[in-house]
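Novice: Annotations for this protein, taken from Swiss-Prot, read as follows:
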type	residues	note
MOD_RES	Ser33	phosphoserine
BINDING	Arg39, Lys61, Ile62, Val63, Gly93, Phe94, Pro95, Arg96, Arg140, Arg151	ribonucleoside 5'-phosphate binding site
MOD_RES	Lys43	N6-acetyllysine
MOD_RES	Lys55	N6-acetyllysine
CROSSLNK	Lys73	SUMO2 cross-link
MOD_RES	Lys106	N6-succinyllysine
REGION	133-143	region 'LID'
MOD_RES	Ser180	phosphoserine
Amino acid sequence: MKPLVVFVLGGPGAGKGTQCARIVEKYGYTHLSAGELLRDERKNPDSQYGELIEKYIKEGKIVPVEITISLLKREMDQTMAANAQKNKFLIDGFPRNQDNLQGWNKTMDGKADVSFVLFFDCNNEICIDRCLERGKSSGRSDDNRESLEKRIQTYLESTKPIIDLYEEMGKVKKIDASKSVDEVFGDVMKIFDKEG
């Protein structure tokens, strides 16, 4: 059985992680956060990629696509090997740019099906405020204003065109992410109840 994938996209602080956790609980998806996989890998002393990832993340740059895809693929393979029924995945924070998308199409073509793109649309100021709030407790080194403005810039330049591309294919489900967590999840449920 091939993995069924929903790409979850939106700017930093749009609430992707929070909503993914709820989708997992209610709909039995497995949540893979590209950023989290990279952060874990970077901390793993045995990783062949650790230092390289560290360098990219520190500079606010996007990690080379081969690394990200190999981590995503490894996780999907391991999850499905452990339980063949678990073939539905939410991939959060990927593809972030054209290069990511091409890499995915090249590597995963015929190996995984993308059902749709869940796009959390959120005003930049709201996103920044949420991240600064989160930074107080998350300990994430990139939750500071300077890093955030860079991340939002990168997102607008690189990720937004990907969303537009999927939009043309009729594959984007757009959600107003500036609402409260519960309201946003209400909108998410409408989509997943229909799409499964």
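Note that the numbers count up from 1, one per residue, in the order the chain is shown.
Every residue gets a Cβ built from N, Cα and C, even glycine.
Situate these features within the shown structure.
Specialist: Secondary structure at Ser33 (phosphoserine), as computed by DSSP, is strand. If you draw a 10 Å sphere around the CB of Ser33 (phosphoserine), it holds 20 other CB atoms from the protein chains shown.
Within 10 Å of the C-beta atom of Gly93 (ribonucleoside 5'-phosphate binding site) sit 24 other C-beta atoms, taking all shown protein chains into account.
Mapped onto three states, the DSSP output places Lys43 (N6-acetyllysine) in helix. The Cβ of Lys43 (N6-acetyllysine) has 10 neighbouring Cβ atoms from other residues within 10 Å, across all protein chains displayed.
The Cβ of Lys55 (N6-acetyllysine) has 12 neighbouring Cβ atoms from other residues within 10 Å, across all protein chains displayed.
The number of other CB atoms found within 10 A of the CB of Lys73 (SUMO2 cross-link), across every protein chain shown, is 17.
Counting every protein chain shown, 11 other Cβ atoms lie within 10 Å of the Cβ of Lys106 (N6-succinyllysine).
Listed in sequence order, the residues of the same chain lying 6 or more apart from Ser180 (phosphoserine) and placing their CB within less than 8 Å of its CB: none are present. In the three-state DSSP classification, Ser180 (phosphoserine) falls within coil.
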Novice: Compute the C-alpha separation of Ser33 (phosphoserine) from Pro95 (ribonucleoside 5'-phosphate binding site), stating it in Å without decimals.
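Specialist: Just about 11 Å between their Cα atoms.
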Novice: Just the number: how many Å between the Cα atoms of Arg39 (ribonucleoside 5'-phosphate binding site) and Lys73 (SUMO2 cross-link)?
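Specialist: Arg39 (ribonucleoside 5'-phosphate binding site) and Lys73 (SUMO2 cross-link) have their Cα atoms 16 Å apart.
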Novice: How long is the line from the C-alpha of Lys106 (N6-succinyllysine) to the C-alpha of Lys43 (N6-acetyllysine), rounded to the nearest angstrom?
Specialist: 28
Novice: Neighbour count, 10 Å Cβ-Cβ cut-off, for Arg39 (ribonucleoside 5'-phosphate binding site): what number do you get?
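Specialist: For Arg39 (ribonucleoside 5'-phosphate binding site), the 10 Å Cβ neighbour count is 16.
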